[in-house]
């Protein structure tokens, strides 16, 4: 606060000074003050409630990161934008008119200022003065502080105050404004005080954003107190220290939220408005309330999402990272990521259980980079969309993926199994299912929603341990590695695969119609991505098929098709006509694929005969038959071995890898007559068995 006048003085030759004052509010009035209780009113109130005076020094890492980024942002903005807008005459005058800054009165005021700090640190009536048994009297601290202020006014020079344009105008203006604010905010604070423990706020991240958000509009000091008291009513987080009755992780979140986000508006912190008043009295035309918020939202808020960077740094050294996502897919071209849940162990910051909210943070690339790098095991369940999110963000999948759904298929017959089913079967626990229909886009999230989300990662490490124990017992590590690699490759390949043959109702269409289907599908994909809509909401499958059957690009004929004049589709008819024209002009040689002879009747018979036997084999081996093979896979292997298809074909899935070891080699022996199928025990749940024909003959 003392530096604002010298700062304005040294920049008086420049016309563009507003950004300098704004960053002064960001850094000096708020973010720079989180290291000691005297740095910001909320922390002082925490000190009055029992937080140790030097406890806040542990916040030095976010302090350094946040203020370093703010200073860098100011330097770039000043050098690359505002300084270049100054006139040449102003720049010349600024260079020539250099007046050294002199500090007068330090001999008097420096000891008095140190006395204020000592009074705050030592004269706590609830504690003894260090090294003594003496408790300071009640209000002695405040009396000493006011006495030191009076001494400064008496001993200091009036001339120095006048030369620095010191007056009480800004203090009185702020006092009047905040008196009104404090009166008006009391009902809101009383409601929060009564209902705060019932709001369902539990996670440190929730405390950070809610404390910070309300600090922006209700003043950060009383808001800090409300959530400090709310946190005291909650059980401590597992393994966390307790500071003044509050779980330390929550106290860090409340402290940083109140101090940092108090800079978001003029009324978020008393000094913000005081600096504004001083700047305006010096001739600086400061932005309006919402004009200032434009600065804070564009420059400050992205930096205050530093929690993601801090989390990623802690995750980077972890040995295992489990994660899950909550997303909504029905209204957008790609699923909309709404929440990320993370659990980690073995990192430098200890074990982690956290949620990441993409809405205030925006770019989650640092998190995805952390997942894709390093030697950790990345654990997720049914990770197709999680892989897609990661690849879409950084063009790489998570490293060393362990998909619990996929891995469980190598030690149990169920696939694909839901997360709750796997947890219940392998761990005998029941995950919470209470928020399955939640709209994850809505904010704020309740404690119940966050708890439900975290349930999706709490069991990942026990599942990993249990599944790997069984996989190793059966010697199937190589099988699991191969299948995981193939799964990740298939997910990535599917992102760019043209799925126009999947258009419902297009089977059996002639080649020319298929060419139109393909072009309409390509147009629909591009249009859906441009408008961020699900493709079928742009143009339905049945309309694509109908247009392909008509085989005309005439717009009047297209309009005559029922359903083509609805909403935005009517405006797109010229584009649809152009796509149909491309289909009419395209070559069709490769559209129908190679013609194959109908399979011989014995192929289907053999497939139907072997399918239940193979299912029984998989069940006995505790491998999910739905993952191991399909009826089509069995027929393809039989056809391949017996030469029913004379044209070159790809090697069947059951002819190589772990599927050949488990199933393919057995089918080969059955076809060659080396093994036979028999009823081994009609009373068993798996009555079919296999035996060597040589053994049967010996009997």
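Placed from the backbone N, Cα and C atoms, the Cβ positions cover glycine too.
On a predicted model such as this, the values are computed, not experimentally measured, just so you know.
Going by TrEMBL, these are the annotated features:
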- 21-39: transmembrane segment (TRANSMEM)
- 59-77: transmembrane segment (TRANSMEM)
- 103-123: transmembrane segment (TRANSMEM)
- 138-156: transmembrane segment (TRANSMEM)
- 168-189: transmembrane segment (TRANSMEM)
- 249-268: transmembrane segment (TRANSMEM)
- 289-309: transmembrane segment (TRANSMEM)
- 510-590: domain 'HRDC' (DOMAIN)
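Most Cβ pairs under 8 Å to the transmembrane segment (249-268), among the stretches 21-39, 59-77, 103-123, 138-156, belong to 21-39. The highest tally of CB pairs under 8 A with the transmembrane segment (103-123), across 21-39, 59-77, 138-156, is held by 138-156. Residue counts for the domain 'HRDC' (510-590) under DSSP, helix first, then strand, then coil, are 56 helix, 0 strand, 25 coil. Per-residue pLDDT, averaged across the domain 'HRDC' (510-590), gives 90. If one looks beyond the transmembrane segment (59-77) by at least 6 residues along the same chain, the residues whose Cβ comes under 8 Å of a Cβ in the stretch are 19-20, 23, 26-27, 31-32, 34-35, 252, 255-256, 260, 299-300, 303-304, 306, 309-310.
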